[in-house]
Amino acid sequence: MEGWRGAWYVPCLASLETLQELCRKENLRCKSIGITNRSLKSYEVEYLCDYKVEEGKEYYLVKWKGWPESSNTWEPEKHLNCPLLLQNFLSDKNEYLSRVREGKALKVRNHIKALKPAIADYVVKKAKQRIALQRWKEELNRKKNHKAMILVENTVDLEGPPLDFYYINEYKPAPGINVLNGITTGCECADCPAEKCCPKEAGFILAYNKRKKLKIQPGLPIYECNSYCRCGPDCPNRIVQKGTPYSLCIFRTNNGRGWGVKTLQKIKTNSFVMEYVGEVITSEEAERRGQLYDNQGNTYLFDLDYDSDEFTVDAARYGNVSHFVNHSCDPNLQVFNVFIDNLDLRLPRIALFSTRTIKAGEELTFDYQMKGSIDLTSDSADGLSPSKKRIRTVCKCGAVCCRGYLN
């Protein structure tokens with residue numbers, strides 16, 4: 001289309017069903033909404049919507065993949081070759097009944113003639129949520145720049161992927177802010193730990209030992225080798241820049257803290273876990289946004305105050321997995337300031353390291369008030385919310401040493 005290069009990109013307001021119907025009408029393929037060569041020529045079950053028994057035969061209402069809901073049909077069970085979808089349907093039905101009965105012993109009746117509308121509605125919502133979370137997981141793994149996997153899990157409620165969150169791997173600077181400057185040369189080391197490497201040039205010790213574990217105290221900066229250094233990718237002073245080394249899971253918490261993050265692998269003490277990224281904005285802009293976020297009950301403002309408080313990282317809309325990390329008064333992660341391809345002390349990168357051994361399946365947390373990291377502000381239902389103090393917010397971390405408030 002003429003002039004498309006100058007157009008603004010906006011979210012599509014059409015429903016998935018409308019888009020599917022339009023694609024079929026025009027014989028167009030679109031993999032992201034389920035319209036492929038295969039789905040145009042054949043019928044594949046996407047999920048099951050309802051159940052009934054007529055004349056002794058069991059029927060399921062089928063949503064066909066790539067077809068709008070107006071094309072749903074009742075099919076006898078013998079026509080269905082989708083054991084996993086049948087299992088999901090029955091599991092979701094029983095889950096709804098269990099919740100309605102408030103955890104009482106569930107007696108599943110096998111002679112039900114039809115599902116109540118409320119049950120069918122819940123089953124469809126769970127099926128749509130499952131599909132949406134799967135698509136979100138695939139999107140996150142397409143966009144990440146590290147080898148470790150990102151999983152998504154919600155066994156708590158019907159909440160789907162956040163609607164206004166965009167995954168990024170590094171700082172997204174606001175106009176006029178340069179997050180890559182100050183580096184023109186690198187080290188000439190053949191063995192970085194033993195020679196006069198980047199940290200020593202900056203007046204500090206090397207942050208890592210030979211096992212690539214952190215050996216410095218909180219509050220001290222980390223200077224890693226940069227793109228001008230002669231050392232290769234296996235240099236022991238290149239840790240944060242390689243990205244998250246552990247497979248992580250974004251999961252829905254069951255105690256009102258929204259989304260959280262847990263590790264799927266054991267993490268040893270003093271290991272790099274993830275970097276905190278988002279939009280880099282001025283502190284003045286952060287103050288303006290903070291007022292708006294307070295009214296919404298959430299904010300993700302992180303002050304870059306290693307040398308000054310001129311800049312802030314806002315991970316509300318743009319961020320990585322760290323966007324979903326929750327607060328704890330007894331955390332297992334610690335914040336460190338990192339300098340790699342930028343020596344501007346006003347713009348350190350923020351890295352989270354383990355403070356102890358973390359078991360597989362354990363939730364990852366850090367203290368929003370920990371020294372050398374951030375000054376807390378108002379709470380976020382979905383996770384972190386560091387900035388300048390504004391609202392007194394009750395802490396839900398559950399730690400024995402809980403201070404009672406996030407700020």
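Here the Cβ of each residue, glycine as well, is placed from N, Cα and C on the backbone.
Annotations in TrEMBL come from automatic prediction, not curation.
Listed features, source TrEMBL:
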DOMAIN    43-101  domain 'Chromo'
DOMAIN    185-243  domain 'Pre-SET'
BINDING   C187, C189, C192, C197  Zn(2+) 1 binding site
BINDING   C187, C198, C225, C229  Zn(2+) 2 binding site
BINDING   C192, C225, C231, C235  Zn(2+) 3 binding site
DOMAIN    246-369  domain 'SET'
BINDING   R257, G258, W259, N326, H327, Y368, K396  S-adenosyl-L-methionine binding site
BINDING   C329, C395, C397, C402  Zn(2+) 4 binding site
DOMAIN    391-407  domain 'Post-SET'
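Of all the binding-site residues given, namely C197, C235, G258, W259, C329, C395, those whose Cα is no farther than the 10 Å limit from the Cα of C225 (Zn(2+) 2 binding site) are C197, C235. Residue environment of C229 (Zn(2+) 2 binding site) contains 21 other Cβ atoms, counted within 10 Å of its Cβ in all protein chains. Within the same chain, residues at least 6 positions away in sequence whose Cβ sits under 8 Å from that of C187 (Zn(2+) 1 binding site) are E195, K196, C197, C198, E201, C225, C229, R230, C231.
Comparing the Cα of R257 (S-adenosyl-L-methionine binding site) with the Cα of every entry in C189, C192, C235, C329, C395, these being the binding-site residues, the smallest distance points to C395. Between N326 (S-adenosyl-L-methionine binding site) and C192 (Zn(2+) 1 binding site), the C-alpha separation comes to 35 Å.
The average per-residue pLDDT of the prediction over the domain 'Chromo' (43-101) is 92, rounded to a whole number.
Measuring Cα to Cα from Y368 (S-adenosyl-L-methionine binding site), the binding-site residues that fall within 10 Å are C329, out of C189, C235, C329, C395, C397, C402. Sorting each residue of the domain 'Pre-SET' (185-243) by its DSSP state yields 7 helix, 4 strand, 48 coil.
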